[in-house]
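One structure below.
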């Protein structure tokens with residue numbers, strides 16, 4: 001193929017609406033992270049999205065240099081389109097054909113790439129456009145792809161489904177996608193609007209169990225219609241007790257309403273289908289960890305000799321969290337939660353190992369602060385290493401993000417400093433801590449006449465093994 005012909009081919013390929021032109025992988029995201037998020041998170045694991053998932057998988061296979069495998073995935077996508085959309089095969093196949101054209105282009109098989117471009121062109125010409133048309137089915141497919149693949153494009157997703165609804169306002173699939181996009185946007189626009197959109201989607205798709213559970217979660221979040229929320233979840237589970245995305249969201253609902261036993265029951269069902277899914281093991285571990293802390297809060301149970309039950313729960317939590325960590329090492333909080341459980345079990349070497357592992361991760365500011373708070377507490381209370389506790393509290397305060405953990409670390413540092421000054425007015429480390437607090441956003445000056453300083457002198461940092469991510 002001549003240079004001019006190749007440039008023309010590329011120009012036409014760029015006009016296609018398909019996964020190769022939608023910029024689905026964020027610039028700061030690795031292919032491994034992208035693939036894990038797309039194929040292991042809980043949304044859209046069910047049969048109605050098989051064609052969509054095959055197209056996404058084909059794109060991932062190509063990115064990994066597995067073009068033959070990509071072609072096989074596209075062939076499977078064509079088969080699912082014919083099964084699920086027999087009345088719209090041509091329109092629904094445009095994205096798949098576009099992906100075919102791009103894969104063959106990258107394989108150097110330009111004639112085959114052109115053949116698929118021609119197939120797209122034949123359909124688009126019916127709408128007076130060479131390679132790109134405005135069609136609600138295409139907007140819908142782009143919306144599902146972005147909803148599944150992207151992290152921060154929910155506004156763009158909403159626009160895709162909104163465009164589709166302008167042409168077909170009562171379409172159940174478009175309405176469901178639009179409602180899910182609003183759910184993802186969470187607090188903006190107002191939650192009542194999100195609830196309205198989910199209710200509208202259910203009216204048009206009464207069998208959509210996933211949307212029912214999303215509505216239940218939203219109703220619970222705004223603290224209204226608790227009975228309706230519970231009824232929606234039970235109805236969804238009765239209608240389709242094996243749908244993975246419904247099971248996982250329902251488990252999340254039961255966690256939020258403090259029914260961890262029911263959540264664990266649903267997660268066990270999910271594990272039967274996804275035995276090596278890190279996220280399901282992680283959620284299971286978190287549920288068992290929640291039961292551990294609930295039992296610890298009921299101190300009379302521990303003191304009355306029910307230590308064996310506590311140890312069993314700790315081991316179940318550890319087993320699932322370790323399994324999750326083995327499958328996917330970068331899960332947020334997994335190592336911190338393991339460290340927490342080992343502290344409760346008084347296995348401090350194991351706890352320190354997982355704290356160190358978590359510290360080695362590249363965490364966002366909020367989780368990093370929380371980690372320094374937890375590790376500082378561990379050093380102060382369990383290891384009796386005040387120097388190391390001070391170091392980690394300071395490291396957490398240095399992170400320029402106002403959070404509850406940061407506030408707690410300031411308070412802990414101030415109490416440590418004031419207590420030391422109460423014992424020795426010239427304690428250089430205590431004076432250094434107070435100067436550090438002043439330099440990093442304020443703190444109490446070393447003033448021996450300060451009533452607050454005297455009152456604080458005999459206090460120590462408060463201990464909390466269960467200082468969770470909800471704090472920041």
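We count from 1, first residue shown onward.
Keep in mind that glycine also has a Cβ here, set from the backbone N, Cα and C atoms.
Noted in Swiss-Prot for the protein shown:
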- 2: N-acetylserine (MOD_RES)
- 441-472: region 'Disordered' (REGION)
- 51-89: repeat 'TPR 1' (REPEAT)
- 90-135: repeat 'TPR 2' (REPEAT)
- 136-171: repeat 'TPR 3' (REPEAT)
- 172-208: repeat 'TPR 4' (REPEAT)
- 244-277: repeat 'TPR 5' (REPEAT)
- 278-333: repeat 'TPR 6' (REPEAT)
- 334-364: repeat 'TPR 7' (REPEAT)
- 365-403: repeat 'TPR 8' (REPEAT)
- 404-445: repeat 'TPR 9' (REPEAT)
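In this structure, the residue listed as 'N-acetylserine' belongs to neither helix nor strand by DSSP; it is coil. Look at the repeat 'TPR 5' (244-277): DSSP puts its residues at 27 helix, 0 strand, 7 coil.
The recorded stretches the repeat 'TPR 3' (136-171) and the repeat 'TPR 1' (51-89) share 3+ CB pairs below 8 A when only pairs 6 or more apart in sequence are counted, and are therefore in contact. Residue counts for the repeat 'TPR 2' (90-135) by DSSP state, with H, G and I taken as helix and E and B as strand, are 33 helix, 0 strand, 13 coil.
Mean pLDDT for the repeat 'TPR 6' (278-333) in the predicted structure: 89.
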